[in-house]
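Q: The structure under discussion is supplied below as structure tokens; questions concerning it will follow.
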Amino acid sequence: MRLLRYTLLTLAALSFIYPFIWMVSASLSSESGLGDLVLLPQGFTWANYETVFTKIPLGRAFLNSAFVAVLTTGLVLISGAMVGYALARMQFAGRNLIFYLIIFTMTLPFQITLIPNYITMVKLGWVDTYFALIVPFALNSLSILLFRQAFQSLPQALIDAARIDGAGELRIIFQILVPNVLPTALTITILTFMGLWNEALWPLIVIRDEPTMTLPQLVTLFSVGGRAEGQLGVKIAAAVMLALPIILLYLFFQKHFIRSMASSGLKD
Amino acid sequence: MKKLTPYLLASPYLLHFGLFVAFPVVFSVVLTFHDWNIIAPMRWVGLANYERVLKDRLFWQAILNTLRFLVVHIPLQIAVALLLAELLNRTIRGASFFRAAFFLPVIVSGVVVTILWQQLLGFNAGLINRVLVSLALPRVSWLDDPDVAMYSIALMATWKNVGLYVILFLVGLQSVPVAYYEAADLEGATEWQKFRHITLPIINPTIFTVVVLSTIGGFSLFIEPYIMTEGGPLNSTLSAVMYIYKQAFQYYHMGYSATLGFCFALIILFVVVIQKRYVEQENG
């Protein structure tokens, strides 16, 4: 019985891990060795990566994605902490209204706002600029709620002591409170960064200009359009480039990844 | 000044809400009564867009495709996630390795998973058909048969997301008091009876969460069929979001696309409310 359990678990684990190993190995194989399903590359070559980099501006897209994801995640942390603090520790008219608006926003299907948001980008002249990729995502409801919850659990004495020392509200938030809720900040960082790094639909809508494209967008267009010219290895190499950073982060922060996703109940 | 501070702190939210939530929602309702290609001025058409939605066979096919996706995806996801969670729950050694392995596809971009599965599902060289052949079973045309393609995508989506639900179920399973099982053992209950009468009622809320999240995820399906099949063969994998996207950004039917989005959101709301009703009845 015990053996059966381990056998099933191992088979399942293999079915989740093996495709990724095959992908890396295939991306390093020559086109003729590609049909094989072994773990090591057949006819080892870097050619697929060279082709990818010469055919599509992958390096540029990689930097775009990193820039957008890092900057936006920073903004989400700042805006989330500010709004979360106001909701958690201050009394003001309209506080409950804001709270309910946040809940409402979270249940709103994105299909409703997709086209008007695109039109907003057109009217602001943000199409084909980084603004279109950053500003709409610079604040999110989940991070506000998570910060609010974390700040509520801190003792008032912490804030009072800082006030006596003459600290302003922003200093209280970022120098006193945020360092006390680092696990929450880490959860928000992971979820936001991962979502931004993987986002493909919105960039497809607002970016038409190749030098501004993000990595998932470029890889999508490359796969759907004819530019891979049926060269499988090249397509897979592009996919590896997209997967690698997030997998490396995952290997470092595995526990936090799992905990943050489980506690938020989010997907994608 | 002191009175203004909370509003200043909340101002990023208020700005963001106004620009990216309130305005789009109101404007999209206005848009549904207009014909507009972005360049020419908007033209009032009354309810014509809504009439067109009702008669639009492609839209209803896209909804039907989504339902076909969900019918396979949701039960499969629950069954596999529960089985894996149950296996993990009893085993201690290596549990964190297995958990991490199951979770791997969850964190990777849908773009990557789709490119990967395109190869796994290939007719001649695909891994899955090779396994079938080696077991003396016939090959399946996973992506080229209109009756099969959407289910192949459902299979892929299950593989991608199941790790997350394994974690959620594990949390649920670990909240079952051991004493319940011990008492059942004394009464001579079978494994199935224990599962049916002890485990299942306790993890019921988790099952509901999985159903709702999978439904919303299934309804927002876009990038997977877009890369894998581009909606084909014969529109059998055309998803509603893909159709809304095409109407807006390929044909520039902004008013009609907004109407589709609006009707589609109502359908999602309807389905989720029904699911909630059903679950409450089950528990009630």
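Going from the start of the chain as shown, residues are counted 1 onward.
Cβ from N, Cα, C; glycine included.
Under the heading domain 'ABC transmembrane type-1', TrEMBL lists B:63-275. According to TrEMBL, the transmembrane segment annotation covers B:12-33, B:58-85, B:97-117, B:162-181, B:202-223, B:251-274.
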Q: Take a look at B:12-33, B:58-85, B:97-117, B:162-181, B:251-274 and tell me which one has the most Cβ pairs under 8 Å to the transmembrane segment (B:202-223).
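A: When the Cβ pairs under 8 Å are tallied, B:58-85 comes out ahead.
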Q: Under 8 Å between C-beta atoms and at least six residues away from its ends: which parts of the chain pack against the transmembrane segment (B:58-85)?
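A: The answer is 102, 150-151, 153-155, 157-158, 161-162, 165-166, 168-170, 172-173, 203, 207, 210-211, 214-215, 218-219, 221, 235-240, 242-243, 260, 264, 267.
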Q: Taking a Cβ cut-off under 8 Å, which residues six or more beyond the ends of the transmembrane segment (B:97-117) line up next to it in the same chain?
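A: Distant contacts of the transmembrane segment (B:97-117): 84, 88, 91, 156, 159-164, 166-167, 170, 223-224, 227-228.
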Q: Counting only residues 6+ away from its ends, which parts of the chain sit with a Cβ under 8 Å from the transmembrane segment (B:251-274)?
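A: Cβ under 8 Å, 6 or more out: 28-29, 31-39, 42, 45, 49-50, 52-53, 56, 59, 63, 212, 215-216, 219, 240, 243-245.
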Q: Could you pull out which residues elsewhere in the chain have a CB under 8 Å from any CB of the transmembrane segment (B:12-33), counting only those six or more residues past its ends?
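A: Same-chain residues near the transmembrane segment (B:12-33) but 6 or more away: 42, 44-47, 49-50, 254-255, 258-259, 261-262.
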